[in-house]
């Protein structure tokens, strides 16, 4: 007599098989990354003037760190390994906390997402995309916020990232109201370089907005929130935004082509954060081709940058409306709805650049070389970004300073509730990640006789801010 296994048994068996596959993939990836680290070190040593003694010392240290990393990868992390200092962010799909790793002075930003919500809202692919991109750029891209760990328990997904105390670009826009063109030039130049580094990995960000641009302690920017990132030319339009257009068509809502009022500008500053916290979000920076049922390319990111530049120098986004439906209609009808405010004395250079970004796809700038050659960026050193002086340096009293972030109340305890085996665990098999830079942490760094550390070697290798 045959025995039919229960659904619980079938799920447990499938999860075990998926874990084995994930472990094999992680092992293959580790071996490849270990080989790359050795090559990076050897290339550095080959081009250095270090003595053979110093070179061998660094080789020995790398071997020690590789062994430490293997032990580190076997250790299991849980939220109990971190102490919460404060909630510093909240969005439609989770929240971000400032945390400290217990037993150390290591400060991080920890993003928490409820598995149940991710599945119900069909966000599994987006969550995995963000984790994969952050893992891919952990060691190779200094334009992207560093992810040090990702892990999960029965109820939640966790991403532990570097904490950037300067806040985000939206906070700075609210504080400054309007940027000078010089200030905008710095941030937009860096933003183009940051997005170009993502495009070189064959990804489209798709969700560039001021809230996803963080400001570091040194005043330079980094990108975050890659949940909507996709491969080039993928047909994956936003159902939520398309539904707004369909609603307008069904209800025969006409686009409002009137001039943006002072009241709308004032109200925008107050409601922008509420939109960030909602599940729907805001379409203000979304390119028109994303609304259509066709594929789109990396040019949609350049449109978004054009909208951000417009907001920086004008004080509000170009398609500002009282509701999301009108915003979508204005974007689709941008040739008629997009205007510069007459009250502002903007240079021809900034207006020309925006015109080359907020325009049809076939006329839109789409390469970093076109950007570098534009007159608006005259005086900005693209060859070595670090030589450019940031227009704003965050004033922080300590590594725990959260003054550049809004105050939030913690809504609930994020301690995991142990629950029976269920299918939500299958969706996130292989989600765990631990980056090598954890064992090269500045708080644990070892300095060779030459004064060089492994951390300096690896981060100078990744310094994509030199073009």
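Yeah, the Cβs are placed from backbone N, Cα and C, and that goes for glycine too.
What TrEMBL says about a protein is an automatic prediction, not a curated fact.
What TrEMBL records for 41-75 is coiled coil.
Summarising the annotation, TrEMBL assigns domain 'Protein kinase' to 82-377.
In this view, residue 111 (ATP binding site) is surrounded by 23 other Cβ atoms within 10 Å of its Cβ, with every protein chain counted. In this structure, residue 111 (ATP binding site) is part of a beta strand by DSSP. Feature annotation from TrEMBL assigns ATP binding site to 111.
Computed over the domain 'AGC-kinase C-terminal' (378-443), the whole-number mean pLDDT of the model equals 73. Here TrEMBL flags 378-443 as domain 'AGC-kinase C-terminal'.
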